[in-house]
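Structure, as structure tokens:
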Amino acid sequence: MEGAEAGPPATFGAWDYGVFAAMLLVSTGIGLWVGLARGGQRNADDFFTGGRQLAAVPVGLSLAASFMSAVQVLGVPAEAARYGLKFLWMCAGQLLNSLLTALVFLPVFYRLGLTSTYQYLELRFSRVVRLCGTLQYLVATMLYTGIVIYAPALILNQGLTGGRGRGRAPRSPGWTLYEHAEAGSLTGGVFCSDRVGHLGVATVHGSNLHLVHDRGDFDPDPRSRYTFWTFIVGGTLVWLSMYGVNQAQVQRYVACRSESKAKLALLVNQLGLFLIVASAALCGIVMFVFYKDCDPLLTERISAPDQYMPLLVLDIFEDLPGVPGLFLACAYSGTLSTASTSINAMAAVTVEDLIKPRMPGLAPRKLVLISKGLSLIYGSACLTVAALSSLLGGGVLQGSFTVMGVISGPLLGAFTLGMLLPACNTPGVLSGLAAGLAVSLWVALGATLYPPGEQIMGVLPTSAAGCTNASLLMGPPGAANASSGVSSSRVEADRPALADTFYAISYLYYGALGTLTTMLCGVLISYLTGPTKRSSLGPGLLWWDLARQTASVAPKEDAATLEDSLVKGPEDIPAATKKPSGFLPGDEAHLLSLGRETNL
């Protein structure tokens, strides 16, 4: 197979920008149509949950499309190109995540009818725990969304400058993102991401593809970047923190018409995730074969591994105007879905957790206006984070998973303690959150300051020997190796003892470390300070209670309401006693009085 030349960089043409602009116009139009032509949102429940009347398939496709953002489009192929097909084990971790979400977290959140998942923390523990969870979520989501918005800028940078230098988040897609989140809210996000989710393009180009079996796939060493155990343990818990308890995703599947429809949405989402990860990993292997003997990272055609994919598209489709633009449009469409939903979720959490408890008399219309204003504020903050994301090391995929693991991992531990361990109390969960965040942040900062070497991570070998004019870009032979040898010896002398042990563990374990630390510390402190009595907890707060409710009778296809489903279970409710469609299950006064009434 012919290697790629280290010649002039390929760039986007007029047709490519035309296709990209058309996608932005369509996305903006969908948001405006949902938000204006259909009458807008009448109350906060319509704005945040679509009136809880969405179908399973659009919600499932929306869940999957949200993780087909530019982070996945760029990050997964780059990781597969550097580390091999072992990345496909991620599919197993995603499957375990979907099963655990459907069995444990979804039933609790759906039957409680919560608009904000952090309302649960107040019902189960205290308002202080809820505020801690809310703040951690807002920080994590803002950082993650900023990285998601930044990632497509790498594609534009590759198309504009040929990869020389790092990209900046452009303002026009950012404005489209705000209109999409502000005007269309959740319903617009679901249907827009459903629409653009059909724009996937997968291309295989090459011959004599030969993959060497990696015997390290089942290596239990936590320092190995990607192994079977890394994805099964670390990957599952990271995905669980993003699907099981993350506001942006919970907000979507609780918007389904019934609990069974919500579970079906998770199944549809899982099928989509399989296709996304498998296609992206295959693209990575194609890139490895295509550039194996002329690595563009070595020849400086690109400045970061995340630019492998846009370079491959430009090299392969340089004679097909518009196709690279379609790739750019697909990457941005997933980013719009992810970012708009995240911004909408941050606004929902702020309204439910910070504003409504302090101003309970606000009219629904005013709450909608406040929510739209918050969307603008959070969107601007995310764009600021995107502008700073060029300082990231390790790639956009590692950066996004690190943020979610370090901050959301301890939150997953808090929700798990609340739902599965009746004895856990407020001092226990607060201590656990603090300990989990401290430990996971410690190892993440250590890995950033003292990154592990390529030999420990298992990077596949590449070279620039097959480039026809590599010497024009790489300088005199051996110069790079000589300078790197001096630098590496100096770095080795300054590295602490933990640099190649504790700090070198795979970034996918950060979330697991935070979750397990939170749970262990929470259990210990709870029993030392006096465990909570199970009889003092309101109905529906423990997963074990819900399991007993549905052990003998399967739930019917009815939308859940807070008062009905918690007292009897959805299967026992006569049709005449159902609440009207305008009933808002997330009413705070009713939620907080529920536990007190049951203890009288």
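Using the three backbone atoms N, Cα and C, a Cβ is placed for every residue, glycine included.
These come from TrEMBL:
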- 12-34: transmembrane segment (TRANSMEM)
- 54-75: transmembrane segment (TRANSMEM)
- 87-110: transmembrane segment (TRANSMEM)
- 131-155: transmembrane segment (TRANSMEM)
- 226-245: transmembrane segment (TRANSMEM)
- 266-291: transmembrane segment (TRANSMEM)
- 326-355: transmembrane segment (TRANSMEM)
- 376-397: transmembrane segment (TRANSMEM)
- 403-421: transmembrane segment (TRANSMEM)
- 428-450: transmembrane segment (TRANSMEM)
- 507-528: transmembrane segment (TRANSMEM)
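Outside the transmembrane segment (428-450) by six or more residues, the chain places 121, 125, 128-129, 132-133, 136, 393-394, 402, 405-407, 409-411, 413-414, 417-418, 495-496, 498-499, 502-505, 507, 510-511, 513-527, 529 with a CB less than 8 A from a CB of the stretch. Contact between the transmembrane segment (87-110) and the transmembrane segment (376-397) is absent: fewer than three CB pairs lie under 8 Å, with pairs separated by 6 or more positions in sequence. By the Cβ criterion (under 8 Å, sequence separation of 6 or more), the transmembrane segment (131-155) is in contact with the transmembrane segment (403-421), since 3+ such pairs are found. Sequence-remote contacts of a segment are chain residues at least 6 beyond its ends whose Cβ falls under 8 Å from one of its Cβ atoms, and for the transmembrane segment (226-245) they are 63, 79, 83-84, 86-87, 89-90, 92-94, 96-98, 100-101, 104-105, 117, 216-220, 266, 401, 404-405, 408-409, 411-412, 415, 458, 506, 508-512, 515.
Looking at 12-34, 266-291, 507-528, the range that has the most CB pairs within less than 8 A of the transmembrane segment (54-75) turns out to be 266-291. Against the transmembrane segment (326-355), stretch 12-34 shows more Cβ pairs under 8 Å than any other of 12-34, 266-291, 403-421, 507-528.
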